[in-house]
């Protein structure tokens, strides 16, 4: 029998480690009285929304200003004394104590990277202390839904040094019977795509998220993806569809969108996206308009909301206040969930809960600067989100999440349900 005292936080340590781009990030370890330990590493984004929680960096010359030694110090000298003695089982109380200690609106005092590292490590320590896998600890007995992966196989925008304006072109293998088969389908298309790019004399180097980064236009990227799906032996729109992350805030200036040689106002931008949906089997569009273009977003939702999943990333930044504003204005129909946008596990779960209660889907997501940490894989199953975005089929920091989902599916056995097989993947008319 587990003694509740064994689950009390005893020690918290932190260190500066590296992410997949070679930039420093924060790792925390939470040790409990009974000897259980949880470790977590926070990710970092390249295309960050203006409304995200504050990621604390040191500045100065060290690591070209990107060091996180200050965040590490905050954990060991401020957060640890506050949390030691609390039960790791009370995640809400642990996170609330850190938010109170920080005292700012955007976690700029302690740093969202410091708070999140401890928040995630606490959950893992509690799970380990109880002898439970993380997805079961966070999700309870109903945590059995494996997500449809949105696989970013062509990278552009802020994630790659190429001519593509849109940031991500993704495969969505919703027609698979299981997660394992979905992963196989996506992998086969990924390798087929590489062959097609090679045959056309295009680059097969990869971007931050493991996808290819050829010099293509947005329409050309869609065309070669459909070609790859077909050549791999699958039916576009029936077995594998497409998803886009437009990341339009990155090319929005003075009220206009400049991409592919054109310059568009909000209504014209919506028209451009409508044309793409008509041309390709697209089931999901993320950040189709800029983060503060609320009127444009409303128009986009009116025109395409009944056909495809419209995901707010920079628009909502995993923030319940921003999400509620979107719900009140009938804006978008889905939220991208990035734990480091809001900076604590409790607030992340609150955003997912609000989305679900309001008829919005949730897509659990990585960041472009990732690590070997697999928390988001467990989180996607724990919350029954039904969708995960964790990059392409290369680079071990991406594949780590897919491999963890394979383990979870095996562990669940006959209880495992693949979201695509029960119609719980992205919305769409494909």
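Each Cβ is built from the backbone N, Cα and C atoms, and glycine gets one as well.
Annotated active site, proton donor per Swiss-Prot: 209, in sequence order, evidence recorded as sequence analysis. In the structure as shown, the Cβ atom of residue 209 (active site, proton donor) sits within 10 Å of 31 other Cβ atoms.
Marked as active site, proton acceptor by Swiss-Prot: 338. When Cβ atoms from all protein chains are considered, those within 10 Å of residue 338 (active site, proton acceptor) total 27, not counting its own.
For the recorded site, residue 368 ((2R)-2-phosphoglycerate binding site), the DSSP three-state label reads coil. Positions annotated as (2R)-2-phosphoglycerate binding site by Swiss-Prot: 167, 338, 367, 368, 389.
According to Swiss-Prot, the Mg(2+) binding site annotation covers 245, 286, 313. Around residue 245 (Mg(2+) binding site), the C-beta neighbours below 8 angstroms that are at least 6 residues distant in the chain are 152, 157, 166, 167, 168, 170, 286, 287, 311, 313.
Using a 10 Å radius centred on the Cβ of residue 368 ((2R)-2-phosphoglycerate binding site) and all shown protein chains, the other Cβ atoms total 25. A C-beta separation below 8 Å, combined with a sequence spacing of at least six in one chain, links residue 389 ((2R)-2-phosphoglycerate binding site) to 149, 150, 152, 170, 336, 363, 364, 365, 366. Considering only the recorded positions 338, 367, 368, residue 209 (active site, proton donor) has 368 as its nearest partner by CA-CA distance. In this structure, the C-alpha atom of residue 368 ((2R)-2-phosphoglycerate binding site) lies 11 angstrom from that of residue 338 (active site, proton acceptor). What surrounds the Mg(2+) site, by Cβ distance within 8 Å of the Cβ centroid and not counting 245, 286, 313, is the set 167, 168, 244, 246, 247, 285, 287, 311, 314, 336, 389 from the same chain.
For the pair residue 367 ((2R)-2-phosphoglycerate binding site) and residue 338 (active site, proton acceptor), the C-alpha distance works out to 7 angstrom.
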